[in-house]
Amino acid sequence: MTAANKNIVFGFSRSISAILLICFFFEKVCGDMEHDMGMDDTSGYTRPEIVQAGSKSFHWLCTLGFLLLLPSVVTCLSFAGRIYSATLLQCTCAVYAFLEAAVLRFQDNDGVENRTSRGTAWFLVGLTWITLFFGGLAGGTGFLVKSKRLQTFISNAGEKRLSYIHRGLSFLTVLTGWVKVCLAPVALFGFCREAHTGQCIAHGIMGSAFVLYGFIYVLVLVIPWIRSAQTSYSQDYVDSWVMCIWGVVNTFTEHRWGREGWSVHDYQHTFMGIIWWTGGILGIFLSRNGRRTFVPSLIIIFTGWAMSEHAQHLIISTKVHNMFGLVLMCGGALRIIEISFLLRDKRTLDKIHSFQYLAPFCLVCSGLLFMGANEEQLILVLRLGGDHSAYVLIIVSGAFLVYFWMIACLEFYLYLLEKGKQGFLPKSYELEEENNNVSFELDNISNEDVDEDTTPFNV
């Protein structure tokens, strides 16, 4: 078969696959529209009285800026080797983290902040100051280096190892800041207490996991040496292992085997764990020796379908879960198209196509939708007079901003590395200075030669 015929066959198969996927999702959306489109009865709900909304909103924005956004910039600086700049900005984060834990409070209308939010605040204080300490050691801060014990510790550990520790701790502060920012509204509205605690934990962990999964996808996509790394294993191989392990844990923790009866919830989540570890085994086998495979993406599609079919107590909750499942299925399907048809089972291409940014965004968006799909939050939406469409739009708007911040941080990191290669001064100025130095050295040599020639010769 000639190259032209191969391209024709490949293009035809790609078109057929795309048409089938479009038909599948069109049928899914139309099928959902045929369901009961009624609304929840809100006659029993009263509009909530939010006390000091302005000051609480400003407090949350400050927490967002100093405990999540600024630490993200610090992490970029740390990974780019700018330890001094990272440590300087980290001082600001550490001071605010202490004020957040010691003075400021995310209190509900009863003046109470839950223990999880309070404990996270104090944990973040300790973590930020420890990170700042290691940053000072790695950067050679004066008052720290004066101590003989610290000098011995630095010499034994090595500056390179200390910088690695600082990078890891800096990234951990970003993750903890994400938890704190997400817990703040929970504390302000008094959510996730008593019987609702388990549901909030499940939605928070699973939703954040999808957001982190999307970040890893875009990290591999944007950073060129990770994208083009010639390793013995592919990204699908790692994904399959993670899904397999997570599936095993989920299978044996969602139900007390032999100690209680089975409920619909147990069936749903336990069998979801089973499909994760069984699919993970197949994915591990097919992706061995560095090969690509569709299995992790297919597992995501089935997970999205299962979540979209979960019936909830509230109609708005059912519709939000349905949207979450639909977006998750889109992410898995787009990933299959990328691997099988765009990359053609290769690791990477010469350049990044705009299409490749879509699958990670779907994962980030689905994660935020799942985090916002717990029952108490949706009851608050009903009490405020909103519906599922407005709620989904505001969450997707947040997903756009989160995804923008992820890509912006990665691009900022690459910019710092590029500036580091060029040097502090502009390249033209450096070349000019180098030429001046060379000419100055030549002048010195010529002057020395003249002096030697004019030296009197004594017989």
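Note that Cβ sites are derived from N, Cα and C of the backbone, with glycine treated the same way.
What Swiss-Prot records for 1-6 (among others) is topological domain 'Extracellular'.
Summarising the annotation, Swiss-Prot assigns topological domain 'Cytoplasmic' to 28-59 (among others).
What Swiss-Prot lists as topological domain 'Cytoplasmic' is 104-122 (among others). Residue counts of the topological domain 'Cytoplasmic' (104-122) by helix, strand and coil are 8 helix, 0 strand, 11 coil (DSSP-based).
According to Swiss-Prot, the feature topological domain 'Extracellular' maps to 144-170 (among others).
Looking at the topological domain 'Cytoplasmic' (192-205) alone, the prediction's average pLDDT is 80. Residues or ranges marked as topological domain 'Cytoplasmic' by Swiss-Prot on the basis of sequence analysis: 192-205 (among others).
With a cut-off of 8 Å between Cβ atoms, the residues of this chain six or more beyond the topological domain 'Extracellular' (227-266) that come close are 220-221, 272-284, 287-293, 295-296, 299, 339, 347-348. Look at Swiss-Prot and you will find 227-266 (among others) tagged as topological domain 'Extracellular'.
Tertiary neighbourhood of the topological domain 'Cytoplasmic' (288-295): same-chain residues 231-234, 236-237, 240, 279-280, 282, 336, 339-340, 343, 345-347, selected by CB-CB distance under 8 Å and a gap of 6+ residues from either end. The topological domain 'Cytoplasmic' annotation in Swiss-Prot covers 288-295 (among others), and the record cites sequence analysis as its basis.
DSSP states for the topological domain 'Extracellular' (317-322), grouped as helix (H, G, I), strand (E, B) and coil, give 6 helix, 0 strand, 0 coil. Residues annotated as topological domain 'Extracellular' in Swiss-Prot: 317-322 (among others).
Annotation comment: Swiss-Prot describes 344-351 (among others) as topological domain 'Cytoplasmic', evidence class sequence analysis. In terms of DSSP helix, strand and coil, the topological domain 'Cytoplasmic' (344-351) has 0 helix, 0 strand, 8 coil.
Taken from Swiss-Prot, the feature topological domain 'Extracellular' covers 373-389 (among others), and the record attributes it to sequence analysis. Taking DSSP states H, G and I as helix and E and B as strand, the topological domain 'Extracellular' (373-389) has 11 helix, 0 strand, 6 coil.
Under the heading topological domain 'Cytoplasmic', Swiss-Prot lists 411-459 (among others), citing sequence analysis as support.
As annotated by Swiss-Prot, transmembrane segment applies to 7-27 (among others), with the evidence given as sequence analysis.
Same-chain residues lying 6+ beyond the ends of the transmembrane segment (60-80) with a Cβ under 8 Å from its Cβ atoms: 86, 89-90, 92-93, 96-97, 100, 106, 124, 128, 135, 163, 166-167, 170-171, 173-174, 177-178, 180-181, 184-185, 188, 405, 409, 412-413, 416-417, 420. Feature annotation from Swiss-Prot assigns transmembrane segment to 60-80 (among others); the stated evidence is sequence analysis.
According to Swiss-Prot, the transmembrane segment annotation covers 83-103 (among others).
Annotation source Swiss-Prot lists transmembrane segment at 123-143 (among others), citing sequence analysis. Beyond the ends of the transmembrane segment (123-143), by six or more residues, the same chain brings 67, 71, 78, 83-84, 86-87, 90-91, 93-94, 97-98, 100-101, 150, 153-154, 157, 159, 162-163, 165-166, 169-170, 172-173, 176-177, 180 to within a C-beta distance below 8 angstroms of the stretch.
Taken from Swiss-Prot, the feature transmembrane segment covers 171-191 (among others).
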**Report entry** Selection from 83-103, 206-226, 352-372, the stretch that has most Cβ pairs under 8 A to the transmembrane segment (390-410)
**Finding:** 352-372
Query raised in the report: Counting only pairs 6 or more apart in sequence, are there at least 3 Cβ pairs under 8 Å between the transmembrane segment (352-372) and the transmembrane segment (206-226)?
Result: yes
Report task. Using DSSP, tally how many residues of the topological domain 'Extracellular' (227-266) sit in helix, strand and coil. Result -> 23 helix, 0 strand, 17 coil
Query raised in the report: With the transmembrane segment (267-287) as the reference, which stretch in 206-226, 296-316, 323-343 has the largest tally of C-beta pairs below 8 Å?
Result: 296-316
Report summary line: Within the same chain, the residues 6 or more beyond the ends of the transmembrane segment (323-343) and with Cβ under 8 Å of it are 14, 17-18, 21, 24-25, 28-29, 32, 210, 214, 236, 292-294, 296-301, 303-309, 349, 353, 355-356, 358-363, 365-366, 369-370, 373, 388, 392
Report summary line: Secondary structure of the topological domain 'Cytoplasmic' (288-295) by DSSP, residue by residue, totals 4 helix, 0 strand, 4 coil
